[in-house]
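Got a structure here, written out as C-alpha cells. Questions coming.
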C-alpha cells in the first residue's frame, strides 16, 4: 500500500522540480565515463526523485581523480577497485569502497588497425593511465602471456591519461603532441564505439582480458573515509546510491530495454545502434553493471584476482609477504569495504521506490530550468565539431567566471582612455606650469591601470565572451603600457617631435608645376593639396596655438605607431627626409620620399592603386584566414592545445582525423612544419586583412571627400596616401638577412618604435654607446645585444599578456611567448 501512495508523491515531486519549486542537494560525482547506470539515473529522473542535483565530472586520470576525492572536490568517485587497493595499502590513504558497479565489461587489449599481433608491439610504447594502475598490471599479465615482458624491455609504458584520451589517440594513430600511438587497454563503452567505426579505422582487439583473468572487480563506488564521519555527507551518499541502485535495477529488468537504450543514447550523445551495443555490455550477467544483481556487492573472487595480478608484478612492495588479505577484505566500518551506506540506500529505495520517467521530458525540462545555458553538462546536446564544443565550453566558462566575480568584462571605449586619450590630453597642455613633473607619475598611473586588466592573485583579469576581444584585452593592456612609456618617459615629443602638416603656400613655396604628371609622380593626395594651393611643412609642438590645435597634434602623435609623417618615422618605411633645422617650420622635401624603401615597403601613387591593393589584401586575407581556420579545427591541437582532461565519450568520434591529417600525424617533423605553416599563414592573413580594412577606412572616410573629413580638419595629412605604405616588407629580407631580416625588415613593424625606444633613451643618457650614424642600427659595443634583449622582452610581454586574458587562459602556456621571442632574439644575436 505504501508503494501505491509513494508513486504519486514521486510524480508530484517531479512536476514540482519542473516548476523549480524544490531545492536539490548537489553531489559532485567523478567518473571516467558515463556508465549505463548513471545514464539511466540521470536521464530518467532517479537523481531528482531522491532530491539530488548530480554534477558529473569526467576525470582525466586516476591520480587527478583520487586527489580530487581526497581534497573534497568530489563527494564520490567511480574508479577501479584496484585504485582503492593501491591508495589504501600502498599510500596509506583512507579511501573506502561502498560497493561494486561492474566486473570489467569488454575489457580488451586493443591496438591501431595496422597492428594485428602482439609480436608487432615489441619495442613500442603502450599507453596507460598510470604505470601503477590496475589496468597497467592487467596489461602486463596479458602481454606476458603473449611473450612480451616489461622487465625485459620488450615494451614500455607511456603515461597518457584516462580511457577517453587513450581511445582518442588510438583511433587517430597519435597523441595531440604528435607521438605515435600503438596499443592500450580499453573497456566499455569505448570498445563498442570503436567497433562501430569503419574497418580501416576500428582498433584491433588483440585479446580479451576475461580470457586470461576472470572475474575482475572493476568499477567501484569509492569515497574518502573521513567523509563518512559527517552525517550530512553520509545522507547525501545514501540518496546517491539509492538513485543508482534504482537505475541499476531498472537496467536489470529486460522490459526496460528500449527505455534504457534511449537513456544511454541521450546521455552520451550517440546513435541508438551504438547505445544498444553499450546496453548489451552493461547487462552482461558476468562482467556487466548488473553482475551483482543490483545490490553492488563486491565480488570476492573478482577483487582477489585484482590483488593477485598486482602482487604478481610487485604492486604491493610495501606489504609483508604474510599480509592478511582475508581480514583486509572483511567489510565493516573503517575497512576497505564498508556496506553501511549501500545498505541504507537499498532500504531507502525500498521504502520510496521510483520507477523512472521513460518520457524523459520531465528530466530535460527540469535540467534546462535548473542549469540553463551554464549547466555543468550537456551530453544530450552533442556538438557538431570539436570547435563547436570547445567554443561553448569556453563561453560557458566565461559566463560562470563572470557570475562568480573571477573575471571582469572588457568595456569599450573606457579601456582605451588611459593609454591613448590621457597621454594626448596631458601632452596638449602647456608644460611651463610645472606639469613636466607630472609626466612620470602619470605614466606610472596609466601603467598601473593597464596592469590591473591582467591576471593577478589580488584581482580578476579583464576578458570577453568574444575570443578575439579576450586576447585583445591583454594585448591592449600591454601595448598601452609600452606606448605610454614611449611617449611620456623614453621620449620628449613636445621638445623633439615634428610632423608633416599642410598650410596655405607662401609665395616662395609655390613651386612651378607646369605638368600634372610631375605632381602625380609624388602621389595623388599630395598633387591635390598642391593644386589647392597648400604647402607641406614640419610642424613642431604648437605651444602657442589653441588647445584644440595642440590636441590634434598630440592625438596624431599617440596614434602614429609606425611614425609615418613624423621626423621619428622608422627607417623601414618610405619617409620624408627629416627637417635640416629643428623647429624652423621649414618646408618638407617632397621628393625625398621613395616609392619603395630598402626593406621593401611600398607606397601607392594613386587612389585606384591603393584601393585595389587593399581590397585585394582584404579578400585574399579573408579567404586564407577562413581556409586556415577551417583546416585548423580538424586538428585537435589547434582546438585544445592538448586534449582536455574532461572530454565526454560522445565527442570521441569528432577526434577522427581526415586521411591527409592522419598521414601527417605519423611524422612528427612534418606535423610540426604543417602546424607552423598554418599558424604563420593565419597570422599574416589576419594582419593583412584587418590592417588593410583600417587603412581603407582612414583614407576613404577621413579623406577630403570622405563623410568624416570634418573630424580631421583642413590641414591634417592623416588621410593622405603616403601615410599608408604596405603592411609587410619584402620577403627577400628573410632570404638575404635571415632571422634579423624577418623581424627587422619583412615583419609589419607596428610595435618597433616602442620596442627600440628604451634603448635609444639609454643612449641619450650615455648609459650605452651611441649608434654610428643617425637612424643607423645600433650595433656598437654592448648596445646591440642590450637592444635585442630589451626589444624581444617587450615583445614577449606583449604577446604573453594577450594569452593571459584569452579564453581558456587556465590552460594557456603564457610563458611560451616570452620564450619564443627570447629565442628569436638569441637567434639574431648568433
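Backbone N, Cα and C atoms are what each Cβ position is placed from, and that goes for glycine too.
Annotation comment: TrEMBL describes 38-247 as domain 'SsuA/THI5-like'. Per TrEMBL, the feature domain 'Wax synthase' maps to 724-822. Taken from TrEMBL, the feature signal peptide covers 1-23. Here TrEMBL flags 410-428, 440-458, 470-490, 615-634, 646-665, 677-702 as transmembrane segment.
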State, in range form, which of 440-458, 470-490, 615-634 has the highest count of Cβ pairs under 8 Å to the transmembrane segment (410-428).
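Ranking 440-458, 470-490, 615-634 by Cβ pairs under 8 Å to the transmembrane segment (410-428) puts 470-490 first.
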Determine which residues of the chain contact the transmembrane segment (440-458) at the Cβ level, with the cut-off under 8 Å and only residues 6 or more beyond its ends counted.
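For the transmembrane segment (440-458), the far contacts come to 415, 418-419, 422-423, 426, 473-474, 476-478, 480-481, 484-485, 488-489, 801, 804-805, 809.
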Considering every residue in the domain 'SsuA/THI5-like' (38-247), what is the mean pLDDT value?
90
By DSSP, how many residues in the domain 'Wax synthase' (724-822) are helix, how many strand, and how many coil?
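Split by secondary structure, the domain 'Wax synthase' (724-822) comes out as 60 helix, 0 strand, 39 coil.
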